[in-house]
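Trainee: Can you keep this structure in mind? I'll have questions shortly.
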Amino acid sequence: QTQLLGVLLAAASNFLISVSLTIQKCSHLQLACQAELKPYYTSKLWWCGITLLGLGEVGNFIAYGFAPVALVAPLGCVSVIGSAFISVLFLKKTMRAADILGGTLTITGTYLLVTFAPNVPQELTARQVQNYLVSWPFLVYSILEIITFCILLYFYKRKAVKHIMVLLMMVALLASLTVIAVKAVASMITLSAKGKMQLTYPVFYIMIVLMATSCAFQVKFLNQAMHLYEATAVVPINFVFFTTSAIISGVVFYQEFQSAALLSVFMFLFGCLLSFLGVFVIARNKRQEHLQIPFIDCGLIPGKKLTGKIQPDSRSSRYGTLNNEDDSVKSQS
């Protein structure tokens, strides 16, 4: 029942995130259609979306206290599929066959994830977290992760390699630490709320610092990837990398699949694969929306109509100048 509560909370929170993103998109479109351009933060609708986004993230945080990391992290696909279908209703987008196929794959994969997820106790005490921190599997995993991150950071900083795979691999490595810290903090807060005080242990505050630091740098590299590449490429790749790193961190740090049957592990991984395929199918060949705002409104140029010809043909010798320009402009040309 506790694990089911975490699953339902994670699914609802991710769906709430998809609703919040759609609301923010609606607010941006409304502001773009107004005669007087205003900052997005002056829109009440945008603040409503941000509030829902915050509630969704808080719900995801709480879900880690009730369900395994390997189960909560893949449920992020609910946000992707939710955004695809909600945008059809509110943003008047066209439902594509790829959306239906991707949604079917994602829902099937999510069902397998929930059914064959590891069933482990979720009440983690501060002493258990301390023991996990000094266990040899996590120490080896940490050393390998630090070496890999330093190599990627070297190519990013020194060689100016800003390939999407390099950026999102750094995000995934940081996300694995974030997930470990979030799970520990959420579990200790949940136990403390039940009367078993865990907030007096130093490891609780160590995990909070680790969570905040890794999350901040994770957002930095993710924003860099979103700036350089299309969202349709960043979202599915980041989902796959984040989910994979979260599952590995749950296996290594919290030993979530230690007593799981081989068939359960296989079906769980097969569910992950279906979810990955579903997200890629939904995002594949998805056209980017561009706000139709002209750089120059031809109707505001004196002596010119909206359909008037502003510039001569590119094959003309006068290409690059305005028609009927005055003598001073001609001399400068």
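Even glycines carry a Cβ here, placed using N, Cα and C.
Whatever TrEMBL says is automated annotation, not expert-curated.
Quantities reported herein were computed from a predicted structural model and do not represent experimental measurements.
Per TrEMBL, the features are:
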TRANSMEM  6-24  transmembrane segment
TRANSMEM  45-66  transmembrane segment
TRANSMEM  72-91  transmembrane segment
TRANSMEM  98-118  transmembrane segment
TRANSMEM  138-156  transmembrane segment
TRANSMEM  168-191  transmembrane segment
TRANSMEM  203-222  transmembrane segment
TRANSMEM  234-254  transmembrane segment
TRANSMEM  260-283  transmembrane segment
REGION    309-333  region 'Disordered'
COMPBIAS  313-323  compositional bias 'Polar residues'
Trainee: Would you say the transmembrane segment (45-66) and the transmembrane segment (168-191) are in contact under the rule of three or more C-beta pairs closer than 8 Å, pairs 6 or more apart in sequence?
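Mentor: They do touch: at least three Cβ pairs between the two stretches lie under 8 Å.
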Trainee: Where else in the chain does the transmembrane segment (45-66) make close Cβ contacts, counting only residues six or more beyond its ends and a cut-off under 8 Å?
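Mentor: 2-3, 5-7, 9-10, 12-17, 19-24, 26-28, 30, 72, 122, 179, 182-183, 186-187, 189-190.
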Trainee: With Cβ distances under 8 Å as the criterion, find the stretch in 98-118, 234-254, 260-283 that has the most pairs with the transmembrane segment (72-91).
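Mentor: Top-ranked stretch among 98-118, 234-254, 260-283: 98-118.
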